[in-house]
Amino acid sequence: MRKTLFLGTILFLIALGLRLLPLNYGLPNTFYYDEGRYVSQAVRVGSDGIRPASYTYGPLFPYAVAGSYGFVYSIGKASGQWLDSTEFQKQYFKDPSLFFGTARALSALFGALAATLLLTTGRRWLRLETGRVANSWENFLEPLKSSANLGPWLAAFSLAVFATAVSFGAQAKAESLLLLLIVLWLYGVGRYRQGSSLAILSFAGICVGLATATKYNAILFLPWHALVPFLGSRFRKGSTWLATLLAPVGGFFLGAPASILDLQGLWQGIQFNSKISTGFSFADPTVWASKMQSFAFEDLQGGLGPLLFLFALMGTWSVLRNRGRSGLWLVSLAWGFLAFHLFQDAPRLVPRYLLPAIPVFFILAGAGIDSVLGATVHRFGSPPAFLRVATVVLLLLPTLIGTVSWVTPVLGDDTRWQAQVWIEKNIPSQSAVLVEDPVASPPLNPTGAA
């Protein structure tokens with residue numbers, strides 16, 4: 001238990017450290033696309049009520065950022081840095097570095113928590129004593145009864161060092177919070193499969209509803225959530241289906257409370273995001289092949305990378321071979337989500353759209369590595385926990401090196417200079433921050449005058 005806690009802490013620190021390294025990149029200006037939207041919306045929430053200026057982006061992350069601003073303000077006021085909230089808000093126009101840095105730090109924290117909690121979630125789906133997915137792999141290979149149990153560690157470390165997850169975790173964007181909520185949803189589904197508790201089912205539904213209030217594309221998970229009751233023993237009860245249907249709705253409005261009074265604005269925001277999908281194309285296999293190649297091999301461009309993709313295929317085969325309900329549900333979730341984006345009429349995969357399903361692929365990769373090492377462990381015995389984690393680190397070392405190579409240039413002066421050149425060409429000289437829409441931002445006052 002102590003070793004697991006110690007190694008889990010190291011996992012959390014690695015994930016957090018990678019995401020915090022480029023914390024001050026580009027500040028006091030901002031270079032990352034969309035950051036200005038989220039930060040200015042959070043400032044607006046803190047000064048002008050909870051109703052967002054628009055629902056182009058899910059409102060939950062700006063609410064969370066606004067809460068972190070309240071925490072920072074309380075500390076600053078207690079230390080005498082600010083006399084009142086008005087003086088604190090003026091800081092946004094003088095130098096927004098504090099506001100962007102706080103939002104980035106919160107995003108990094110969400111990303112690190114998601115990676116760490118995936119260790120617990122992976123254990124729910126990959127039973128430690130058998131190396132099987134949930135309880136459904138009743139007739140799995142006999143040698144796996146003494147498996148190496150590397151699966152949960154592989155899943156968690158993969159999410160900790162995954163380049164796309166680290167990239168968004170270093171930015172003031174909603175993707176890390178979305179990942180955290182999806183991992184919590186998977187945890188709830190795993191708990192429900194094992195205990196069929198109505199409270200756990202409701203918890204899972206609230207999580208997927210909150211995820212939808214964070215990024216609208218999480219609505220794609222709702223069909224799979226509707227199938228969750230079939231994984232337990234209570235699916236014949238009306239209360240189970242009532243909780244399945246109502247909990248996501250309640251979770252969404254919990255994350256977007258102002259939308260109850262502005263359903264038209266919410267619908268306009270959803271319609272705007274639906275324009276991202278330009279239709280579907282089923283007739284060009286070369287495009288499918290190109291997209292699958294990038295997903296399978298280009299780990300630094302949003303794909304899994306060859307090693308994790310191979311393990312995910314092995315884990316998928318193991319699940320399909322045993323035809324368990326939970327395993328089939330997990331496989332259909334991962335590959336169904338990927339297929340939706342493969343068939344979209346777009347020349348390439350967009351990493352941030354695939355990101356919500358990445359934890360599921362990592363769990364399948366964990367199942368794959370357990371199936372590969374099971375026979376060896378049955379023969380030689382289970383290695384110590386530290387050796388298991390060291391094996392995972394070695395397997396993921398190329399990905400870790402690649403991710404660090406992405407983070408490191410962000411810290412250099414050359415990259416900051418490139419960002420400044422971009423800002424000078426694309427942003428009015430009087431702007432203190434990147435503002436895409438005046439409606440979504442408070443009026444800028446670079447001088448900080450009252």
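Just so you know, glycine gets a Cβ as well, placed from its N, Cα and C.
When the ranges 60-76, 281-297 are checked against TrEMBL, the one recorded as transmembrane segment is 60-76. The transmembrane segment (200-228) makes no contact with the transmembrane segment (150-170): fewer than 3 of their CB pairs lie within 8 A, with pairs spaced 6 or more apart in sequence. Taking residue pairs at least 6 apart in sequence, the transmembrane segment (350-373) and the transmembrane segment (177-194) share three or more C-beta contacts under 8 angstroms. With Cβ pairs under 8 Å as the measure, the transmembrane segment (350-373) is packed most heavily against 300-320, out of 97-119, 150-170, 240-260, 300-320, 327-344.
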